[in-house]
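**Q** Feature table excerpt (TrEMBL):
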| type | residues | note |
| --- | --- | --- |
| ACT_SITE | Ser120 | active site, phosphoserine intermediate |
| BINDING | Gly46, Leu47, Ser48, Gly49, Ser50, Gly51, Lys52, Ser53 | ATP binding site |
| DOMAIN | 39-188 | domain 'APS kinase' |
Amino acid sequence: MTQEKYKVVDVANEKSSDVVWHLASVSHAQREAANGHAPAVLWFTGLSGSGKSTVANAVDKMLHDLGCKTYVLDGDNVRHGLNGDLGFSDTDRVENIRRIGEVSKLFVDAGLLVSTAFISPFVEDRASVRAQLRDNQFIEVYIDTPIEVCEQRDPKGLYKKARNGEIKNFTGIDSAYELPTSPEVHVKTAEQSIEACALQVVDYLKENGYIDV
Ligand SMILES: Nc1ncnc2c1ncn2[C@@H]1O[C@H](COP(=O)(O)OS(=O)(=O)O)[C@@H](OP(=O)(O)O)[C@H]1O
Ligand SMILES: Nc1ncnc2c1ncn2[C@@H]1O[C@H](COP(=O)(O)OP(=O)(O)O)[C@@H](O)[C@H]1O
């Protein structure tokens, strides 16, 4: 192995300071050309029951049908696996989002349009994930649904449990949700169908040159 195959990065404060990166032999531009679209993370954020998973999966299906390389990260494949050790204290939520941010970055590096569906309640954590990606690779999608509507939907019966005191630290009841201040896409699920919500996101990708179909 010759030395130019390696890039030494400044990670003096990390435990992995003796680890060096192997430079990629397939460039971002080559991946983008092969996939036919730009990579990005569609970061869905909103209350429990707001419709993050439903809309993220509808978007994923539309993009897949258009021939895009996609993936959805949500509680089912993350909180039961990689983040199975984390609960719902503020500290655990911060770590949950940090790890999901790292995983999203890898998917973006692989050239995918990745959709994440996590409450991600804190402005600072969403901003940290954005800051780790290149310009335009983080698209915040605010799934804006009034808590009354979420509570009426209550697809998992969790609001009822939280109101009864069976669940503590429930977002919107006794745990904070900090509103996105300038999301790239602002989706109001109480005012339009699931399909219209998903189209709003896909149209954003078309209008901003991520996909060209
Ligand atoms: N205390 C508390 N508060 C909020 N949500 C709770 C809680 N306990 C369990 N659940 C279920 O976990 C899902 C939220 O997990 P997230 O990883 O998205 O949360 S966070 O981003 O770390 O805040 C959330 O799923 P969604 O309804 O899909 O949002 C709930 O089903
Ligand atoms: N326009 C809409 N967009 C998204 N979900 C909707 C809409 N109208 C009704 N729903 C329903 O609301 C519920 C949202 O649940 P879910 O997607 O699991 O939310 P979250 O992932 O935010 O917890 C689903 O039962 C879905 O069918």
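Glycine too: its Cβ is placed from the backbone N, Cα and C atoms.
Have a look at these and tell me how they're positioned relative to everything else.
**A** When other Cβ atoms within 10 Å of the Cβ of Ser120 (active site, phosphoserine intermediate) are tallied across all protein chains shown, the result is 25.
Take the CB of Ser50 (ATP binding site) and look out to 10 A: across all protein chains shown you find 28 other CB atoms.
If you take every residue in the domain 'APS kinase' (39-188) and average the pLDDT, you get 97.
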**Q** Looking only at Gly46, Gly49, Gly51, which of these binding-site residues has the biggest number of Cβ atoms within 10 Å around its Cβ?
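**A** Going through Gly46, Gly49, Gly51 one by one, the largest Cβ count within 10 Å is at Gly46.
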**Q** If you count the C-beta atoms lying within 10 Å of each candidate's C-beta, which of the binding-site residues Ser48, Ser53 ends up with the smallest number?
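**A** Per-residue Cβ counts within 10 Å for the binding-site residues Ser48, Ser53 bottom out at Ser53.
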**Q** Per DSSP, what is the residue count of the domain 'APS kinase' (39-188) in each of helix, strand and coil?
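**A** Counting residues by DSSP class gives 61 helix, 29 strand, 60 coil.
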**Q** For Ser120 (active site, phosphoserine intermediate), which of the listed binding-site residues (Gly46, Gly49, Lys52, Ser53) have their CA atom within 10 A of its CA?
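**A** Within 10 Å of Ser120 (active site, phosphoserine intermediate): Gly46.
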**Q** So what sits near Leu47 (ATP binding site) in its own chain, CB-to-CB under 8 Å and at least six residues off in sequence?
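**A** Within the chain, Leu47 (ATP binding site) has Cβ neighbours under 8 Å at Ile119, Ile143, Thr145, Ile147, Cys150, Thr171, Gly172, Tyr177.
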